[in-house]
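Visitor: Pasting in a structure now, in structure tokens, and then I'll have a few things to ask.
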Amino acid sequence: MQPQTIQRKDSMVPQGTSMSICSSLLFMIGQSWYELKRRPCGYCVSFFSVLIVVAASAVSQSIIDRAPLIFLKSAEGPAGQSDIVLTANPNYLSEEHEKSPQYLMSIYSNTARQQGYLIVDFLNFTRVKEVLGPERANQASPRIEQQVNFTYLQKTGDCENSVNKAQQLLSKRQEFGSEAHFNDLRDGQQLGQKCGGSQPHPTAKFVAIDSKKEKEIGLGWEYPFNELKETEVIMSRKLAETYRLKVGDYMLIYGEFYDFYGSYYIENYFEQQGRQFNLTNYNDTFLNLEFGELKKATQRFYLYQVKGLLDSTYGKFPDGDADKLIIVEHKHFFNNLAYWSWDKPFLKAMYTANPEDFVDEIRINIPDRFNIYMDSNYENIQGKITKYASNIRRDLGVYPCNMDLPVLQQLYDSRFGQLFLGIILNMIIVILFLLSVLLLYTLLLISVETKTYDLGVLRVLGFNKLGVVFIVLTQALSYVLPAIVAGIILSIPFLLYASSALKASIGVEIEATPTTNAVFMSLGLGLLIPLLSSYVPIKEALSKQLSFALDINRSKSTAVKIEVDLEGKSLPWGRIQFAVIASLFGICVYYFLPLALLSFNIGLLLSIFFFILCGMLLGLVIFAFNIQYLAERFTVYIFLFWASSAKKTMVLKNLAAHRIKNRRTALMYALSIAFVIFIFVGMSVQIENQATLTLQQHGCKLEITGSNGYLSPFEFENIISQLGSNITSFAWVTDSLDSYMQKLGFSTAYMTHLGQVYQLRPKIVGVSHTLFDMGYNQFLKVEDQINSKLNPVEQLYTSRGSQSAMIGTSYADQLNIKIDIDSTFLLIVYNNTFSQYHQMRASSIITSAPALKFSSLPSVQEQNVVVSLPTFRRLCGNLIDAVENYPMKRLLISVSSSGNIDTVYGYFKKYIDAKGISARIWDYRDYETSIKQSQNLIQIIFSFLTGVVMVLSFFSLVTSMSANMLEQVKEISVLRAIGNTKMSITIVYIMEAFTLVFSSSFIGLMVGFVIGQSMALQQTLFTQLPLIFVFPWQMLIIIIIIAMIAAIISVVTPSLQILSKEIAQIMRMI
């Protein structure tokens, strides 16, 4: 019987270029569809991996584009949502200008300032609006700010009916100047005198705002209250709760709004009195007489009702004002002043005066301000804001006002943080891109390796190399093109989550749609991924010999690899690539690093540092793979101790046989975990450093600082004694000698050596002997000191210490000061006619200390020189005649427990408000709020990032384990034939997967930790703080748990696919 000749249909077999483009494309798509049906799980893994990268890129780029909002929010905290603030400056005027009312008030202010009389700083908002024009005037809003006292209406004794009386007085306004008005005025002042509580009253910041206008210009856009009525106020919740006030209660404000009365009085005096406008009428005697009577008439109580309580400043005011605000409506302000203080004829006109003619501040917001602040480049923002402000300043001309740009000033401090965040997120995108390329490369390579027989048959039938290339590219595009579209759509819910999370953590809400940059970046990355990832699989597909590809009797898994390199026949591409990369890296560092330093381009400098760190990370990961085998054995013997020795041996043999194929998965796990841990540790250390630096600067968690004056030791120590066991310790720090002596007629105080060639400008302060008893001596780093058991501050109170001072390491190095009785230096208090010289020794040389400023770096200016309180008195020339007269600037308090901080804080707060002391209480818990916000932000970013990289790496694990088991079907069939159960074989592969994942992840964790700690070590050079050790224990636990879950899931599907068959069927699988 003659064999039949096989007829080959050309329409079924591609013939290279002889086929039409359309039929070739259809064939390629058909092959991709066949591969999808053959390996749906692999296709889904590939699709979802690219989907996640595209979605992550869209989300990350959208966050980068909107990152300035985060920093804008942080800047608006201490500055408020005001772009431009105009305040009055009467000193701007001179005697050459017209003798205007403002100038007359300025003269009076200067002549009578020492008597505590009027100081006038007002702007005419009506005139300013005319100058600015309608467009800019619509962006401006007036404000009045005054310091007032207040109290609630008591309900005891003669005041039982005070609330009812107050309600009657506020329910209806009488005709101004009528008898009923006089009765209201009398009753209101009686309420204040009889029912106002004990004197003196607590203080608050009284602010009159235009609610409607401020909402229009976006000043406090989250402010929840509408326009107030004439007799209503909004006050801080913390202030109200401290003094037992709630919504609906009536309160009395005791204010000396003398500035407003005085300004209005001068403008209306001649009209009311019929006198001629003449400067000679304004001598000091006349002014003291007229204004003295006016001042008495304005010391009145003003009755208001609490309309609402402020939980925060809502951007209308700086965060520091959150606990001391009382807000009224600006347009009713003059009406209330005149109604409750009507005593002189001219005040009748004041009742109908335009309140915009007398304002303390004018707040201006730039149109479309959010789009301006959305620029990530601080210089661009600065240019637009300053241009707008400069035009205002130019048009106002010599108008007596000052201009501030509060938000821009705060953004200046955080401009590097914005660059840092941008670099971090860009690095995240780069890492995700590399992981996606690695994953798709793994998937395509495994697909090619598992289709070796199929591709061999096609090549035998005439399929050329170009056709193989197009098959691989078409398969890659079949993953990528649908994933790009789905990824961009999927980014929307992720952005919704990011928006809600950011709003909950730091109060910033971003749009939930990808930006244009994000869409284009996602498209670019999605299309670039298949091009890069297809190169090696194509090369691998074309390098297989037909005899090897068509051999179905041998396993494709080889534990031993033999390469024959004929000399001169191949190029060492690996070494060439490494040489090129190293050379380019060296050139970039050699050129761009000096360029960044010379041009002070911080963005370029940070980019260089980050790429150096990433190079270290990659290098350490590659180096760590040299001990991958040891890590795997360590994992097997530590975590698989319960398994039999046979199973352990099989796991190690499998790992050796699959080492080349598993290397890609291991690299993905190690790189991704290392990057996440590196950034996580670095950012955690950064936050901890900020918190530690704040504690070091203050030296305690509760500190009272004198604002415009000094604290009384006698009064405050009396309060401390009353608090008893709530306070464990306290310490005093004086004002700097330089600042104090300037008030006494001296010019400055400086430090020098005996030759007086070099001079330093330290902050010389006196401290109490308990300064280092506050519990933060971990910040104390002593370079050298007198041989004594006493701490450095206590040494200052010895006989030797009375002639000595604590100085910083940098100052000691610059002036060559040693701890030696013969090594001295000079402290000079200087003025033009008489200077005081004090020869001192160093009792200790300090690198860092709590509550004080020392450093070993010469760049740190104005370091402290610390002396005892008696020595400080001597340096002042014995001008301090009593302990009570020491210029105490800071009081550091150590509270016995965190639960007692509220008690201590409230006690001091009430005392300061009641006495009207100009002091500020710093509470570390307020700073902790911003720390928690930063931690929440980092948690959001890294939770998202960790999930993404672990999922991507898991996809690679699933593919690798499937390929490993499919390659070993011959071995599996043998194991089944000799009696191994399906469960035991599955467990072996699960243990292999767990060992691979955990060992790779542990290597990545250690590499990331080392790089992160290197960042922390670098920061200690600048901060001079102790090295902070942050080990991600939680991440280690998560890695172990995820490794177990990933190992089980990655093995279950292929094991079910293979082990569900009969042994003979498994043997015949290709």
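Any Cβ shown, glycine's included, is placed from N, Cα and C.
Please treat TrEMBL annotations as automatic predictions, because they have not gone through curation.
Below, the features straight out of TrEMBL:
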- 41-64: transmembrane segment (TRANSMEM)
- 419-444: transmembrane segment (TRANSMEM)
- 426-545: domain 'ABC3 transporter permease C-terminal' (DOMAIN)
- 456-473: transmembrane segment (TRANSMEM)
- 479-498: transmembrane segment (TRANSMEM)
- 518-538: transmembrane segment (TRANSMEM)
- 576-593: transmembrane segment (TRANSMEM)
- 600-623: transmembrane segment (TRANSMEM)
- 629-646: transmembrane segment (TRANSMEM)
- 666-687: transmembrane segment (TRANSMEM)
- 940-966: transmembrane segment (TRANSMEM)
- 944-1062: domain 'ABC3 transporter permease C-terminal' (DOMAIN)
- 987-1011: transmembrane segment (TRANSMEM)
- 1031-1059: transmembrane segment (TRANSMEM)
Visitor: Out of 479-498, 518-538, 576-593, 666-687, which stretch has the largest tally of CB pairs under 8 angstroms to the transmembrane segment (41-64)?
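Guide: Between the stretches 479-498, 518-538, 576-593, 666-687, 479-498 has the largest tally.
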Visitor: For a three-state summary based on DSSP, what are the helix, strand and coil counts in the domain 'ABC3 transporter permease C-terminal' (944-1062)?
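Guide: Counts, helix then strand then coil: 102 helix, 0 strand, 17 coil.
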Visitor: For the transmembrane segment (987-1011) and the transmembrane segment (600-623), check the count of CB pairs under 8 Å (sequence separation 6 or more) and say whether it reaches 3 or more.
Guide: yes
Visitor: Looking at the domain 'ABC3 transporter permease C-terminal' (426-545) alone, can you tell me the average pLDDT?
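Guide: Summing pLDDT over the domain 'ABC3 transporter permease C-terminal' (426-545) and dividing by its length gives 73.
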